[in-house]
Ligand code: SAM
């Protein structure tokens, strides 16, 4: 008997994949968590019925969340990741020679625990001595840490359940205050095919708080529509002003010095959402 997993994006469209087995399926204190072995994409983390990451394509999202902001800031020593309990963004951030400390704040310790067991190639750097893992609400953490971080990455679930507050103007204001004077942040902002309203509202809110706002995109095949956006808010540094020749060639599979600025060239219908 064949078993298939489907993530429904609308009543008429979803992403589907054949599964080998389900390792974990439980209700945590915050969300429904599943760890599934798939035929095509390797092991996969699913939260509240949405694909969070798979072993085969995780590098796209994690590299793009980490390296675009980290190569925009000239000296990203102190970095915060809100969410990100699978450890993928931590692994990428640690590739930067200037990064001295990475703080990861995920609300759900179960995501961290199961990722270490079933996604070791993603979570493997969570034990690195430069990393501090905190199980807490990211919203609370940023409000308790003023003027602390050079770069903040919001690697969160979609705006539902525990992440509802992480897509609000109040969150962006908190991030602004948690950043040092030349700090910048990036947040994953879903796809333009089905979540155009979200991209527009985040853009509006971030523009009210940060002087510089830029949106970039990447291709993540296991996320709905495959086209994913990221919104950056910056106090000073512009990702489009970066000297490309100064970007290091790290051990990456998607991000490259050539792609850094190119990722900001959006299809016109996406660009229109950011005006
Ligand atoms: N890459 C994924 C995506 O875009 O689909 C998201 C990665 S997943 C690891 C996101 C994480 O955000 C989850 O582990 C979840 O527990 C965490 N999260 C949700 N709400 C949060 C909150 N208020 N504070 C901190 N972490 C939160």
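Yeah, the Cβs are placed from backbone N, Cα and C, and that goes for glycine too.
Since the structure is predicted, the reported quantities are computational estimates derived from the model, not experimental observations.
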Among 86, 106, 197, 205, indicate the single residue that TrEMBL lists for the S-methyl-5'-thioadenosine site containing 31, 137, 138, 162.
106
C-alpha spacing of residue 162 (S-methyl-5'-thioadenosine binding site) relative to residue 155 (active site, proton acceptor), in angstrom:
13
Can you give me the Cα-Cα distance between residue 106 (S-methyl-5'-thioadenosine binding site) and residue 86 (spermidine binding site) in Å, rounded to a whole number?
9
Long-range same-chain neighbours of residue 62 (spermidine binding site), Cβ under 8 Å, sequence gap at least 6?
53, 88, 89, 91, 92, 122
Arithmetic mean of per-residue pLDDT over the domain 'PABS' (2-235):
97
Cα separation, residue 86 (spermidine binding site) to residue 31 (S-methyl-5'-thioadenosine binding site) (Å, whole number):
15
Taking every protein chain in this structure into account, which of the binding-site residues 138, 162 has the most other Cβ atoms within 10 Å of its Cβ?
138
